[in-house]
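Inspection log for the structure reproduced underneath, given as structure tokens.
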Amino acid sequence: MFQLPVNNLGSLRKARKTVKKILSDIGLEYCKEHIEDFKQFEPNDFYLKNTTWEDVGLWDPSLTKNQDYRTKPFCCSACPFSSKFFSAYKSHFRNVHSEDFENRILLNCPYCTFNADKKTLETHIKIFHAPNSSAPSSSLSTFKDKNKNDGLKPKQADNVEQAVYYCKKCTYRDPLYEIVRKHIYREHFQHVAAPYIAKAGEKSLNGAVSLGTNAREECNIHCKRCLFMPKSYEALVQHVIEDHERIGYQVTAMIGHTNVVVPRAKPLMLIAPKPQEKKSMGLPPRISSLASGNVRSLPSQQMVNRLSIPKPNLNSTGVNMMSNVHLQQNNYGVKSVGQSYGVGQSVRLGLGGNAPVSIPQQSQSVKQLLPSGNGRSYGLGAEQRPPAAARYSLQTANTSSLPPGQVKSPSVSQSQASRVLGQSSSKPPPAATGPPPSNHCATQKWKICTICNELFPENVYSVHFEKEHKAEKVPAVANYIMKIHNFTSKCLYCNRYLPTDTLLNHMLIHGLSCPYCRSTFNDVEKMAAHMRMVHIDEEMGPKTDSTLSFDLTLQQGSHTNIHLLVTTYNLRDAPAESVAYHAQNNAPVPPKPQPKVQEKADVPVKSSPQAAVPYKKDVGKTLCPLCFSILKGPISDALAHHLRERHQVIQTVHPVEKKLTYKCIHCLGVYTSNMTASTITLHLVHCRGVGKTQNGQDKTNAPSRLNQSPGLAPVKRTYEQMEFPLLKKRKLEDENDSPGCFEEKPEEPVVLALDPKGHEDDSYEARKSFLTKYFNKQPYPTRREIEKLAASLWLWKSDIASHFSNKRKKCVRDCEKYKPGVLLGFNMKELNKVKHEMDFDAEWLFENHDEKASRVNASKTVDKKLNLGKEDDSFSDSFEHLEEESNGSGGPFDPVFEVEPKIPSDNAEEPVPKVIPEGALESEKLDQKEEEDGSKYETIHLTEERAKLMHDASDSEVDQDDVVEWKDGASPSESGPGSRQVSDFEDNTCEMKPGTWSDESSQSEDARSSKPAAKKKATVQDDTEQLKWKNSSYGKVEGFWSKDQSQWENASENAERLPNPQIEWQNSTIDSEDGEQFDSMTDGVADPMHGSLTGVKLSSQQA
């Protein structure tokens, strides 16, 4: 199947798979809709079961391997290989499928992007690139079309197959391999050779070679590095590529080879021109590198014989100028033009790239002059070429001649060291004549306008673009772009070299800055609108060598054309504090300690021009070229500081490669220009200077050596170039590392929690085990600790940081899962000195961690709780238990502390203080016993669950009283002075812990039984007891706790005589006499009692 050549095959191939799927879905839906219509024609199951693929076709599709769709254009039919490049595909075919290489390999069509095997390509060329002659017509246009196609009319007998080499970048073709290789040297590697080329006796600009008007000046160029003197420019480029850059493989990869079937060229008659037309311009035999473009028609009086060669957006091609401006069809498919035209008639040639060439005709009898063996013309290409310009020597007796005034052709510089435009002054011979000698200077750079395709000198181009096309001039700043030469720039953010055609898109990714207000834009249209609105009256600075210009057409309508002028970073004109200046010079001397306010010191700036980096400190964000982290601050400060601190390198220029690279701050070794961050890490592992400088392995004498040895000056960090906010922020971050002076802090050695010496030779698991031990000592290591551990243990810093992070996460998960208690004990004696009231949270409990004492207390308390309901137990038994408990707890002053069992409750947040003195405990138990006998309150029936819950001696009625008060919403003062005194006593002596309730019924029962007990407590002491408490000292407290039973019995009898104690306590006030006496009593006993408490700690664990 043959079809017309299609462009944009890459885009079509990407969508082809989706289109096929859509079409298959449509076909499937169609089949489903019409399955009923065709059911009558369907054979029965017998035929379906007994039919095989061999009955239908010659092959079984089930045996064919289903190959995935390949989106790359060059696909091997014998294996799954596919490639985007023809050279890789051809190499694969030659190496793997060499048995039938010539017939099966895909070939490129020399006229379009069609690819096919040899036989199919021949048919393709015959059908599409050799059109039949059109029918004769009387009209002039038909006559012109007929004459244009005369040279392309193939005859079957005249077709020949010719092997040609071609340039894959611009489709330049030639049968000779050397010619194509020289073309590539001359046209596509100027940017590589330019830094090496120098001219004798003249200093070049930006590494370019100044071009003279004499052809012999081409031999004056030489290589800067090795002083090689070539015979030609191509020889010098070849020398640079093969000897210095060593990229000769790139040249070989750019040369392709194919066999093309083309019509045989007809012999041409060579006739001398008329005498009045002897002045003509001789063209070289091989001018295929000239780009076709607009050639303006000029009157015949103008004798300036220069050829217009617009380069951008045009194709590399060659045109043979023949008699009557006849472009004869040759072996490479250049179309021809008819011969019969009137004087002054203009013929437009449709060349590649939509660039018509207008050539005026002055005579019908201008004959072609071609010497034998030298005439060669080349086909047109379809690829765009980079904007480059060339000069060519115009020699006599070479190819063809044109009368003067036919073509205006301004000489254009193809490259900075290309061929020189020479003018011959000899008398023209009959066969071919050259123009008269010209004295015009040929060193002027020319640029082509991308809109009108006209050539202009570089100094007037911007004026033309601004006035003729009403272009708007928009200035911008890109300090991160370093202009290497006219075709290549380097991005300091990404540390990569960028060609001109992709430079603008790359700059828009980082953003262009406004030169007036420091705003950053990622869109040219928005930046132009910003300039029109905000800075319409601002004056632009002068254009420098580092300025890049871009001509853009944004949209149709007003302000369509934009002339963008981007000021970039220039290494020569950079100020002293710039990145490259520090890179090429020695590291700065460590600054002297200064006061904190003066840390932002004035940096001395050279008197060199500042135009190259006018706003060096205005870039808001900087991208590290090694780790791609975003840094805030100016380039030269933030980036240099980040490289020194994070990567331990400083920027420099490689002494051999002359490229921007880095050197180690420890051993001052220089890295190669293609290094990465991993290269630095690998070097630091083996660097001998690491342990002697910043990482602080020599902890004892590190500060003294730093002060004495000037060679270690780069180790000390220089903060004088930093902004003050950065200094303040860094100081806050580093406060935990050192409490000393900020400027001396970087020199302080790192003190590790565990010494890693001796573990560097251990296994990986052993070193990880050491890190786990270190984590148990120091779970939050600083950055410098991690760096020192990495250097000592030969581990990556990322591995160490990840290990610590994983351990911390595991600890957090375990805390959430197991809910461990964190004990935060405090001094009860000091706590008692606090005068104001303290409100402990509901989740805090008080525990006694003396296990032996608490175990005894718990067992005895359970016995007492279970015997509460038995009437045969006497009060004396209870008091004996009390004395045994006080003796068993380790001292006469210790109150009873018990651990409450953690039972799930419905209301876990109600605070229940669980610690009271033993005397109050026994009196409350007696009150509870009397309440059970009386009829004031309902009888409380203790179940087994209640018995289990109340096996703590600390479950007192005082606690329950507080719970009832908080639950009912009443203030503590409403319960009367007695309960207030007891609660104050507990607050001053004990900690709290949340109590738990088994259910609501038990809670209400405790509440009902707690009120009368709490209200009877304050009256159990008489006046004698109160006087004892007031005058008691540390030694007298024991007597209070060991009072005889008669005193407690009298107190209980007095309590029984109280009529309706609940009403009395509700009517009483906090300022009663008994309350004051009880306060004084607690003040006397609290200090000695707290001094004897051991093991009382605060737990954050909730029940």
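Cβ from N, Cα, C; glycine included.
Feature annotation from Swiss-Prot assigns DNA-binding region to 754-814. If you look up Swiss-Prot, you'll see 427-438 marked as compositional bias 'Pro residues'. Sequence annotations record features per position, and here Swiss-Prot assigns SUMO2 cross-link to LYS72, LYS203, LYS279, LYS311, LYS335, LYS367, LYS427, LYS616, LYS745, LYS829, LYS936, LYS1036 (among others) based on similarity to another entry. Annotation comment: Swiss-Prot describes SER98, SER409, SER413, SER738, SER805, SER876, SER878, SER886, SER889, SER905, SER956, SER1072 (among others) as phosphoserine. The region 'Disordered' annotation in Swiss-Prot covers 133-154, 360-439, 691-712, 873-1029, 1045-1103.
Feature annotations (Swiss-Prot) mapped to structure.
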residue: LYS72; record: SUMO2 cross-link; CB count, 10 Å: 14
residue: SER98; record: phosphoserine; CB count, 10 Å: 10
residue: SER805; record: phosphoserine; CB count, 10 Å: 10
residue: LYS829; record: SUMO2 cross-link; CB count, 10 Å: 14
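Mean per-residue pLDDT, taken over the DNA-binding region (754-814), amounts to 91. Separation of the C-alpha atoms of LYS72 (SUMO2 cross-link) and SER805 (phosphoserine): 45 Å, rounded to the nearest whole number. Across the structure, LYS829 (SUMO2 cross-link) and SER98 (phosphoserine) place their CA atoms 98 angstrom apart. In this structure the C-alpha atoms belonging to SER98 (phosphoserine) and SER805 (phosphoserine) are separated by 57 Å.
Taking DSSP states H, G and I as helix and E and B as strand, the DNA-binding region (754-814) has 43 helix, 0 strand, 18 coil.
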